[in-house]
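Below is one structure, written out as structure tokens; the observations come after it.
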Amino acid sequence: MLFLFLQGTETIDADGCCQTCTLDNKCNVQKNSTFMASNGCISSTLVEITSCSGLCETSSIYSAEANALVHSCSCCQEMTTTKKEVTLTCPDGSNISHTYIYIESCGCKASDCSGQSTSLRRRRRRL
């Protein structure tokens, strides 16, 4: 995961020990270039591929009514995509057209947390 720091947010903590700053960790499109390959064929030039990366809200909150922890989760994932084509050259010299998914935008989408609620259990201490 890539973290970027927001310039101008650097501060020193209360005891003067450590420097902290604010992370720019929003869910965003990340771009990378690589040679695309499929079925032994490969692109002759670099192809821009995309992914989503960043942090979204996740929490566990106690509910007195349910006497349980209620979880809320969201994941950084694609919001809009397009299909793109690239020409791949095969070992025998032939060319094939390959279609791949390109992420245009990313965002936080609600997702199912494993264990939606956790009942509180009393623990007995042995003496």
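Cβ from N, Cα, C; glycine included.
Here TrEMBL flags 27-114 as domain 'CTCK'. Confidence annotation: the domain 'CTCK' (27-114) carries a mean pLDDT of 94 in the model.
Sequence-distant contacts of C90 (disulfide bond), defined by Cβ-Cβ distance under 8 angstroms and a gap of at least six in the same chain, are N39, G40, C41, I96. Marked as disulfide bond by TrEMBL: C41-C90 (among others).
Under the heading disulfide bond, TrEMBL lists C52-C106 (among others). With a 10 A radius on its CB, C52 (disulfide bond) counts 20 other CB atoms from all the protein chains.
Look at TrEMBL and you will find C56-C108 (among others) tagged as disulfide bond. Of all Cβ atoms in the shown protein chains, 19 besides its own fall within 10 Å of the Cβ of C108 (disulfide bond).
Listed in sequence order, C27, S74, C75, C76, C108, K109 are the same-chain residues at least 6 apart in sequence whose CB falls under 8 Å from the CB of C56 (disulfide bond). Comparing Cβ neighbour counts within 10 Å across the disulfide-bonded residues C41, C106, the minimum falls on C41.
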